[in-house]
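According to TrEMBL, the transmembrane segment annotation covers 21-40, 52-74, 81-99, 105-126, 138-159, 214-235, 300-328, 340-358, 370-389, 395-417, 429-451, 457-480. What TrEMBL records for 488-510 is region 'Disordered'.
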Amino acid sequence: MWWDERVSARFQRNLQPTLTYWSVFFSFGLCIAFLGPTLLDLRCQTQSSLSQITWVFFSQQFCLLLGSCLGGVFKRTLAQSLFALFASSLAISLVFAIIPLCHNVVVLAVVMAVAGLAMGCIDTISNMQLVKIYQKDSAIFLQALHFFVGFGALLSPLIADPFLSDTNCILSNATANASSNLPHIRKSLVPHHPGNLSHYDLPMKGMVVTHVSYAFWIMALINLPVPIAVFFLLYKERMVPCFNSSSHPLLSADELAMETRPAEKDDLSTTVQRPQVARGHDDLFSCCQSKNFRGASYTYFAVHITGALVLFMTDGIVGEYSGFIYSYAVEEPLSVVHKVAGYLPSLFWGFITLGRLISIPVSYRMKPATMVFINVVGVLVTFLLLLIFSYSVVFLFVGTACLGLFLSSTFPSMLAYTEDILQYKGCATTVLVTGAGIGEMVLQLLVGSIIHDQGSYSFLVCGMIFGGLAFTFYAFLLFFHRMYPKPSSDMDAASPDKPAVMDDTGLYQR
């Protein structure tokens, strides 16, 4: 294997939980990307207007952010985390199965809100658990985790495509005129990012003709092995109530001893006296409690804030670029043919997925700080070149691919880097996940309103500004990293090389 024997042995010992967390993130990707291409058929199913149906996007995204904030509540023990992942992944399968039965737009919005909550919990808990297991070696496994998001996001539109209506799926007297706009509108509805559709008029009354239900049932079946995998992990850890109610570790005491460096001679009693190290990560509300701030230096807060701001900008760029690149391409001065412009969002997401796959081996040879630096500089340079060659259709495609590559590994690399700075004792995972989610929501709304007022050219200008801000915040993060106090020798028990804190029985605490 291309990594060293120590990491390989650690991966083999944690093979089942690692694969389980990866598969759960596949559910996340599967659920986040289906709504865009199927939204017109869902509009027909609910017999609602385009402006009404696009509120389904908001309900999903808002509850995803809420679920990310609340996800940390379920990480206090491994059992709580796994039960939350089991419930969340099972909820996604149930959502896929229930969507064809939703014939009212409000009911559909509620169902998608449930899906958003489940996705938010998956996002926070899976990241936290992988960081807990691998700690200093977590970068490579986080890259793989986020590859599965991209894989699921690519797969669900492909599953839905054969079942989408070629003509307007509500048959009425106005169908002939409305059907001519359908390809243009559908291409505007890229994965989970609707464009401005208020100027399109489609019939709301008539006979509904759509077969998109089959796509959702297929996705429900494809996702079903994921909660089964989480259940088997619960069973292996003897956490299923009908078998054993006690909590067992993912790593035995003997395996933990192998992970501990020989030079570390702190006794267990000294380790137990540091409960704040064992706590590790909390939900957003627990992180904000004043008792967690006692004795913390200003650099502790600065690392959290600047790291979240970098992801606020970079994840916001992902949202606004995938949401408006099609609209930008079809407008002047480029005036790209609608069918050709429709490939741009797919190209963007495809290279995000490819970049995450490439980042798996790269992250083992390169430090997370270096990868983030390359990413933010690459995003800034790409937007600069897109502005310079704003009249070139060819470079628009090249720039879209490059932007997807540079943005692909930013989140997992930043997460690994920030957690390493804080010696895995802060609330970095929760704060960063929340910051990224807020950025994806806020920047998309902001850019949409700016484009509406200032024209399509402002789309690239906004991207350039956001890229520059991401680079600036990252420079501040590097500065605060240098100022952050290094762990002293008497705090070796809190070293990121140690996977967790052991209690006086030698069992693995989560």
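Including glycine, each Cβ sits where the backbone N, Cα and C put it.
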Quick tally over 81-99, 105-126, 138-159, 370-389, 429-451 of CB pairs under 8 Å to the transmembrane segment (457-480) gives the top stretch as 370-389
Residues of the same chain, at least six outside the transmembrane segment (340-358), with any C-beta under 8 angstroms of its C-beta? 33, 143-144, 146-147, 149-151, 153-154, 157, 183, 187, 190-191, 318, 321-322, 325-326, 329-330, 396-397, 400-409, 412
Can you tell me which of 81-99, 105-126, 214-235, 429-451 gets the most C-beta pairs within less than 8 Å of the transmembrane segment (395-417)? 429-451
Using Cβ distances below 8 Å and needing 3 or more such pairs, separated by at least 6 in sequence, tell me whether the transmembrane segment (81-99) contacts the transmembrane segment (214-235). yes
For the transmembrane segment (300-328), sequence-distant contacts whose Cβ falls under 8 Å of one of its Cβ atoms, 6 or more beyond its ends: 187-188, 190-191, 193-196, 293, 334, 341-342, 344-345, 348-349, 352, 372, 375-376, 379, 400, 403, 407, 410-411, 414, 417-418, 421-422, 426-428, 431-432, 434-444, 446-448, 451, 456, 459-460, 462-463, 466-467, 469-470, 473-474, 476-477, 480-481, 483-484
Tertiary contacts of the transmembrane segment (21-40), defined by C-beta under 8 angstroms and 6+ residue spacing from its ends, are 53-54, 56-57, 60, 64, 85, 88-89, 92, 95-96, 112, 115, 118-119, 122-123, 126, 129-130, 144-146, 148-157, 159-161, 164-165, 169, 182, 185-186, 189-194, 202, 212, 215-216, 219, 222-223, 225-226, 229-230, 349
